[in-house]
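Q: Provided herewith is a single structure, encoded as structure tokens, for subsequent inquiry.
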Ligand SMILES: CC(=O)Nc1ccn([C@H]2C[C@H](O)[C@@H](CO)O2)c(=O)n1
């Protein structure tokens with residue numbers, strides 16, 4: 001089974017179903033609809049759930065909007081700040097939509 005990691009601070013939101021997308025660089029978005037993925041914490045690699053990919057869609061940083069913020073359970077300014085810190089200067093992102101399984 002494929003694997004993806006999330007920073008541990010997002011674990012609670014994912015398990016609660018409040019965070020239903022993640023925005024990643026191309027090398028971290030090699031998934032297709034229907035993939036079932038093992039999810040673990042980035043910091044300690046502890047498994048915490050499985051997800052199914054609904055869709056993977058290119059999105060530019062400049063296009064991020066309220067929809068993306070709601071799906072990430074963040075304010076839009078906060079989301080842009082988080083993305084800028086993880087991927088400084090990167091405009092080409094991929095939105096991975098997922099559901100808990
Ligand atoms: C290694 C790595 O990049 N790990 C990541 C990348 C992104 N996230 C989170 C941060 C935001 O909530 C979204 C971005 O859409 O995904 C992460 O947890 N771990």
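A Cβ is built for glycine as well, from the same backbone N, Cα and C atoms used for every other residue.
Copying in the features that TrEMBL gives for the protein in this structure:
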| type | residues | note |
| --- | --- | --- |
| DOMAIN | 4-101 | domain 'ASCH' |
| ACT_SITE | 19 | active site, proton acceptor |
| ACT_SITE | 22 | active site, nucleophile |
| ACT_SITE | 72 | active site, proton donor |
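How buried are the listed features, and what sits near them?
A: Sequence-distant neighbours of residue 19 (active site, proton acceptor): residues of the same chain at least 6 apart with a C-beta under 8 Å from its C-beta are 10, 13, 71, 72, 73. Look at residue 19 (active site, proton acceptor): DSSP puts it in coil.
Cβ neighbour count for residue 22 (active site, nucleophile) (all protein chains, 10 Å cutoff from its Cβ): 21.
Within 10 Å of the C-beta atom of residue 72 (active site, proton donor) sit 23 other C-beta atoms, taking all shown protein chains into account.
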